[in-house]
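Reviewing the structure listed below.
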Amino acid sequence: MSENKTKKIASDDNPLGELPDQDRQGMFSMMVVLLGFTFFTSTMFAGGQIGPNYKFFPDLMYVIILGNLLLGIYVAALGYIAQKTGYNSVVLSRYSFGDKGSKLVDLLFAFTQIGWYAWGTATIAIVFVKMLGLNPGWTIPLMVVFGYGFSLTSYIGYKGIAMLSNIAVPAMAVLIFWSFSIGFKDVGGFPGLNKTPEVAMPFATALTLVFGTFVSGGTQSTNWTRFAKTPKVAIVASIVAFFLGNGLMVVAGAFGGYVYNQPDIVEVLVLQGLQVPAIIMLFFNVWTTQDNAIYSVSVAGCNFFRTEKRTLMNFAGATIATILAIAGMYNWLVPFLVLMGTVIPPIGGVIMADYYVKHKRKYNKLAEVKMKEFNYSGLIAYVIGAFMAYASPGVAPINGIIAAFIAFPIVDKILVSMDKPQENVPLIGVNVSEGK
């Protein structure tokens, strides 16, 4: 009896196959889930770094709008693929990286998101101890509590993440705008915000911070946009979340940096005398990103081990991340963000090139095709993209995406000319499917 109840509460969300029609979601559900994902502390820190280096209007707004618009378009392009196919990030990578080659993507996604989850778990435990004036000995027990606690909604599945986001996203939006109204008065209106900085940050650096802080998450957003009822839902929700939602986080960080020399909205709320709202904001802000992160780990684990037991992978990921949090992951945020901005975005470039360019938006379903073990077009294009993201000047994540996208069809044609085509083989009597 209890086992049946558990199955009703928690769902594996079909991690290795196409999402069925009855599980598809409408615009509101998709928006709040993706907005909950993008409402996160580290994005505000990026805004706090950029803000003091630009006039608030129009200079800073131009950087924020451009960076987040590019991010929104990128995520929407991936969201369309996920909606049409019904596949998550790692299953999509089987087409462009190969059946065994996709395990590289599994490892990259799992490693980066476990690290992200560990950092978030450590952060909230440390901040809670500080805000509540607790004995430092509470830090590790709180890491354990938060490490497993934040994984509960992702254990339930998409529905659990949506339930939390339905409450958390409106609450966070109200608190942010409440804080804005107080800060606007404290700084003396627009004249106080629009001071000319002594030293300006290079435009490419600022754009990298805006675009790069959440491009890793955006690359994995297909884990949720696959749930969209229509392509329109996937595209609009992606742009709203990653253009407006992520943009709001950058603005919040920049605003806090201008007015209080503090980019973190939680710290700003404390400075404004709003202690209880600050605790609520911290709790929701971290949880709504943590559950998405560990959900990504769980589907990557399913693809790597070829198991449908997503809930088991969810628990395993939370356990590893909690151990890393206790081991000191909190101190590695900056190099970790640099790593994610290098190794993750080119995956999106490869997936888009394979779907839009090579296959002309027409994929065979998994059951209708025999996958190559290794798709060398995708693997080589990925290496080129990652190298360009690491070594080239300018906006590293964008360079990586574009390089991988361009390299894929070129490498594919070269391999064909060498009589080594990287084609998945349709099973006999099966026609190409266009998805939903």
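Positions of Cβ are set from backbone N, Cα and C atoms, glycine also.
Residues of the same chain lying 6 or more positions beyond the ends of the transmembrane segment (28-48) and with a Cβ under 8 Å from any Cβ of it are 64, 120, 123, 158, 161-162, 164-166, 168-169, 172, 209-210, 213-214, 217, 221, 224-225, 227-228, 233-234, 236-238, 240-242, 245-246, 248-257, 262-266, 284-286, 288-289, 292, 333, 337. Among the features that TrEMBL reports, transmembrane segment is placed at 28-48 (among others).
For 60-83 (among others), the entry in TrEMBL reads transmembrane segment.
Per TrEMBL, the feature transmembrane segment maps to 104-132 (among others).
Positions annotated as transmembrane segment by TrEMBL: 138-156 (among others).
Summarising the annotation, TrEMBL assigns transmembrane segment to 163-180 (among others). Long-range contacts of the transmembrane segment (163-180) within its own chain (CB-CB distance under 8 A, at least 6 residues past either end) are made by residues 29, 32-33, 35-36, 39, 153, 156, 248, 252, 255, 265, 268-269, 272, 274, 277, 280-281, 284-285, 287-288, 291.
The transmembrane segment annotation in TrEMBL covers 200-221 (among others). Among residues of the same chain six or more beyond the transmembrane segment (200-221), those with a C-beta under 8 A of the stretch's C-beta atoms are 34, 37-38, 40, 42-43, 46, 49-50, 53-54, 63-64, 66-68, 70-71, 74-75, 78-79, 82, 89, 109, 112-113, 116, 238, 242, 246, 250, 289, 292-293, 296, 337, 340-341, 344-345, 347-348, 393-398, 401.
The transmembrane segment annotation in TrEMBL covers 233-259 (among others).
The transmembrane segment feature in TrEMBL is assigned to 265-287 (among others).
Annotated transmembrane segment per TrEMBL: 312-330 (among others), in sequence order. For the transmembrane segment (312-330), the residues of the chain that approach it from at least six positions outside its boundaries are 110, 113-115, 117-119, 121-123, 125-126, 140, 143-144, 147-148, 150-151, 154-155, 294-295, 297-302, 305, 336, judged by C-beta separation under 8 angstroms.
For 336-353 (among others), the entry in TrEMBL reads transmembrane segment.
Long-range contacts of the transmembrane segment (374-392) within the same chain, counting only residues at least 6 positions beyond its ends with a Cβ under 8 Å from a Cβ of the stretch, are 93, 95-98, 100-101, 104, 341-343, 345-347, 349-350, 353-354, 358, 399-405, 407-409, 411-412, 415, 420, 422, 424. Sequence annotations record features per position, and here TrEMBL assigns transmembrane segment to 374-392 (among others).
Residues 41, 89-90, 93, 97, 138-140, 142-143, 145-147, 150, 216, 220, 266, 270, 275, 278-279, 282-283, 286, 289-290, 293-294, 296-297, 300-301, 303-304, 317-318, 320-322, 324-326, 328-330, 332-333, 336, 339-340, 343-344, 347, 379, 382 of the same chain, all 6+ positions outside the transmembrane segment (104-132), place their C-beta atoms under 8 angstroms from a C-beta of that stretch. Among 60-83, 138-156, 265-287, 336-353, 60-83 has the largest number of CB pairs under 8 A with the transmembrane segment (233-259). Sequence-distant residue pairs (6 or more apart) of the transmembrane segment (336-353) and the transmembrane segment (138-156) include fewer than 3 whose Cβ atoms are under 8 Å, leaving the two stretches without contact.
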